[in-house]
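The feature transmembrane segment is assigned by Swiss-Prot to 3-23, 44-63, 68-88, 102-122, 129-149, 160-180, 186-206, with sequence analysis given as support. The domain 'MtN3/slv 1' annotation in Swiss-Prot covers 10-94. Here Swiss-Prot flags 127-212 as domain 'MtN3/slv 2'. Positions annotated as region 'Mediates interaction with TRPV2' by Swiss-Prot, on the basis of experimental evidence: 149-221.
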Amino acid sequence: MEAGGVADSFLSSACVLFTLGMFSTGLSDLRHMQRTRSVDNIQFLPFLTTDVNNLGWLSYGVLKGDGTLIIVNTVGAVLQTLYILAYLHYSPQKHAVLLQTATLLAVLLLGYGYFWLLVPDLETRLQQLGLFCSVFTISMYLSPLADLAKIIQTKSTQRLSFSLTIATLLSSTSWSIYGFRLKDPYITVPNLPGILTGFIRLVLFYKYPPEQDTKYRLLQT
């Protein structure tokens with residue numbers, strides 16, 4: 001195998017490993033729901049939006065014939081669906097959860113109808129679907145910025161997950177390089193905000209470490 005082939009194979013494996021590691025951080029929430037038989041302060045929307053994101057990128061991977069995208073987003077969609085079902089089972093507000101799920105499901109079905117029925121040209125469909133997935137991914141990476149501002153204000157990293165931060169940073173970096181190797185801006189560009197927010201989170205962990213965070217909360221009580 002040539003050096004370029006080895007590098008591509010290694011990069012593909014890194015994308016799969018780091019991204020599945022990022023998705024599996026939700027297993028701690030799943031165990032918490034099973035142990036406490038409640039959802040406590042666990043947020044539902046990230047599970048739902050990540051599932052939609054996985055399904056979108058899965059479709060893009062199928063159209064592009066990219067095995068790495070297909071594997072990662074198939075497993076990701078299965079995991080997120082599992083988290084959604086567990087949340088629905090333990091949530092006391094089942095009506096609100098079902099309403100949010102049905103709304104995004106309807107949007108997803110409309111999107112599939114548009115891309116597969118109204119855009120017959122394969123290349124145009126691939127470009128438009130890639131653009132949609134890119135914009136959706138960027139919005140997901142940028143959505144926690146308000147929480148980051150609150151962390152700076154309170155000097156507390158309590159609401160941040162260090163393992164998720166590392167997994168997101170590694171995943172975003174590997175996908176950006178992967179997209180660059182494929183000359184696919186729809187893969188490269190949306191992962192750049194993930195690298196940026198990942199570095200910001202690491203800086204916050206360095207500036208407000210868990211030990212200092214605990215002392216700060218004790219002083220506030």
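If you go along the chain as it appears here, the first residue is 1 and each next one adds 1.
The backbone N, Cα and C atoms fix where each Cβ goes, and this holds for glycine too.
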Can the transmembrane segment (129-149) be said to touch the transmembrane segment (186-206) if we require at least 3 CB pairs below 8 Å and skip pairs under 6 apart in sequence?
yes
Surrounding residues of the transmembrane segment (186-206) on its own chain - C-beta under 8 Å, 6+ positions past either end
60, 127, 130-131, 133-135, 137-138, 141-142, 144-145, 148, 151-152, 157, 160, 162, 165-166, 168-169, 171-173, 175-176, 178-180
Where else in the chain does the transmembrane segment (160-180) make close Cβ contacts, counting only residues six or more beyond its ends and a cut-off under 8 Å?
11-12, 14-15, 18-19, 21-22, 25, 68, 141, 151, 186-189, 191-195, 197-199, 201-202, 204-205
Local confidence of the domain 'MtN3/slv 1' (10-94) - pLDDT mean:
92
Helix, strand and coil totals (DSSP H, G, I; E, B; other) for the region 'Mediates interaction with TRPV2' (149-221):
61 helix, 0 strand, 12 coil
How many helix, strand and coil residues does the domain 'MtN3/slv 1' (10-94) contain under DSSP?
71 helix, 0 strand, 14 coil
